[in-house]
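**Q** Input: one structure, supplied below.
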Amino acid sequence: MGSRLHVQEIKKGPPLPFKDDIRAFTREYAESLDAQDPLRHFRDEFIIPSKKDLKRKTLNANENIEDSSDPRSIYLCGNSLGLQPRNTRKYLEHYLRTWAIKGVTGHFTPHDDQLLPPFVDVDDAGAKLMAPIVGALESEVAVMGTLTANLHFLMASFYQPTKEKYKIILEGKAFPSDHYAVESQIQHHNLDPKDAMVLIELENLDRPILDTEKILRVIDEHASSTALILLSGIQFYTGQYFDIEKITAYAHSKGIIIGWDCAHAAGNVELKLHDWNVDFAAWCNYKYLNSGPGGMAGLFVHENHGRVDMTKVGSKDEPFRPRLSGWWGDDKKTRFRMENRFVPQPGAAGFQLSNPSVLDMNAVAASLEIFNRTSMAEIRKKSLDLTGYLEHLLLKYPLDAAPEDKPFSIITPSNPAERGAQLSLRLGPGLLDNVLEVLEENGVVIDERKPDVIRVAPAPLYNTYADVWQFCQIFFDACQKAVRARK
């Protein structure tokens, strides 16, 4: 009788943590979490595609795309492409207006109602907005280029192979573009990737996780011949969040430079690139940072590597780190003198080449401005709860099934500290296509990695607990239908 009364009291009271509340599997519980969410107002800052939008065959540019009677989609794909902030249009219109009424003088003419400074200084504004998101000094960040191009620029500076130290260590299952970039850098130095490219391979394909100790063992094995390590902050396929601080410190203890591809980490987890003494990093801004498809990327160069010794300029001693140079990295005070004597700006700005696309910078800034209204600590706190709730619902389905009988398994680490927003679900053989069909029919947007994985990533700025709950109901139904179809 006592336990029954206890259950009744729980049902009447405020929501408890989802692991302790029997109501966690109800829509009402999810909505109660949304009502208590201190970041809930940020959802209104983004345009959520409707279910009708996803099925439309024409753009109909003059049509209202935000009909309140048209249900919104369940968009859990911020790990692939973030949604459009509402203020992106305003930022772009300000840019177009400036270009229209000022032409080339827009490079230097400030306006009382400007959202960004004149064209010549927009890169500084981008760095200021980006720095707190990746835990960097403003001088250590540049918003520029694209991810793989930036990795090439950085490796051109940081990969300086010698006869003794010439190897690059990276994941065996790194994102293909990273693999290609490393391979081509090695070939560019007339080295053989078969000898100079060290891949950290998985020990168990059924558990596609790279333990930190495994990574450290590989570093130990090749320390005397390794010139550079390049790893992902968060692994794109599994969603595993690597221990950046520990691995970086270990690499440095062996005298090895280490860089990080933070494409799936920037805007997702709380990075501290400066405090962790990361040598360099690069990332794209179109995933969790919502800058639009192929939007301008970012890079980080620790202040230890960005110094310019003005007392040595013009001497035989190298006053700054070697790099591929361009005029936009030149000292601002002398840039427009066209003297053909390169002296870089200190910090990451000195790694810039061409002047940035002001159009793209406005799209990046529109989203970063929203991030700067809160903090990555607060965003990460909600993300842990949101993805934890998703995991809780997934693990309880179906309640009466043994693990080997479930239609899916979660291949992302179960420790919340070892993952970001994303959970990667591996479906049973032959289920993927049918599951995707049901999800699409019901306005659910996720992405897949064939032959059997879907990636689900609730973005804390615009996704809700109700989104997560509703996704799970549709996903469970999709699994049931796919299992029946397979039989």
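Glycine residues also receive a Cβ, built from the backbone N, Cα and C atoms like all the rest.
Residues annotated as pyridoxal 5'-phosphate binding site in Swiss-Prot, with sequence analysis given as evidence: Leu147, Thr148, Phe175, Pro176, Ser177, Asp178, Ser232, Asp261, His264, Tyr286, Trp327, Asn355. What Swiss-Prot records for Lys287 is N6-(pyridoxal phosphate)lysine.
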**Q** Nearest of the binding-site residues to Lys287 (N6-(pyridoxal phosphate)lysine) by CA-CA distance, picking from Leu147, Phe175, Ser177, Ser232?
**A** Leu147
**Q** Do you know which of the binding-site residues Phe175, Trp327 has the most other C-beta atoms within 10 angstroms of its C-beta?
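**A** That would be Phe175, with the highest Cβ count within 10 Å.
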**Q** Show which residues of the chain containing Ser177 (pyridoxal 5'-phosphate binding site), separated from it by at least 6 in sequence, have their CB under 8 Å from its CB.
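**A** Leu147, Thr148 - these are the non-local Cβ neighbours of Ser177 (pyridoxal 5'-phosphate binding site), listed in sequence order.
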**Q** Test of understanding: give the count of other CB atoms lying within 10 angstroms of the CB of Leu147 (pyridoxal 5'-phosphate binding site).
**A** 24
**Q** Just how spread out is the pyridoxal 5'-phosphate site if you go by the largest Cα to Cα distance in Å among Leu147, Thr148, Phe175, Pro176, Ser177, Asp178, Ser232, Asp261, His264, Tyr286, Trp327, Asn355?
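**A** So the maximum pairwise Cα distance among the pyridoxal 5'-phosphate binders is 31 Å.
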**Q** Look up Phe175 (pyridoxal 5'-phosphate binding site) in the DSSP assignment and report helix, strand or coil.
**A** coil
**Q** Which residues in the same chain, at least 6 apart in sequence, have a Cβ under 8 Å from the Cβ of Ser232 (pyridoxal 5'-phosphate binding site)?
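**A** Once residues fewer than 6 apart are set aside, Ser232 (pyridoxal 5'-phosphate binding site) is near Glu171, Ala174, Phe175, Asp178, Phe242, Trp260, Asp261, Cys262, Ala263, His264, Ala265.
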**Q** Would you pick out, from the recorded positions His264, Lys287, the residue whose Cβ has the largest number of other Cβ atoms within 10 Å?
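**A** By the 10 Å Cβ neighbour count, His264 comes out on top.
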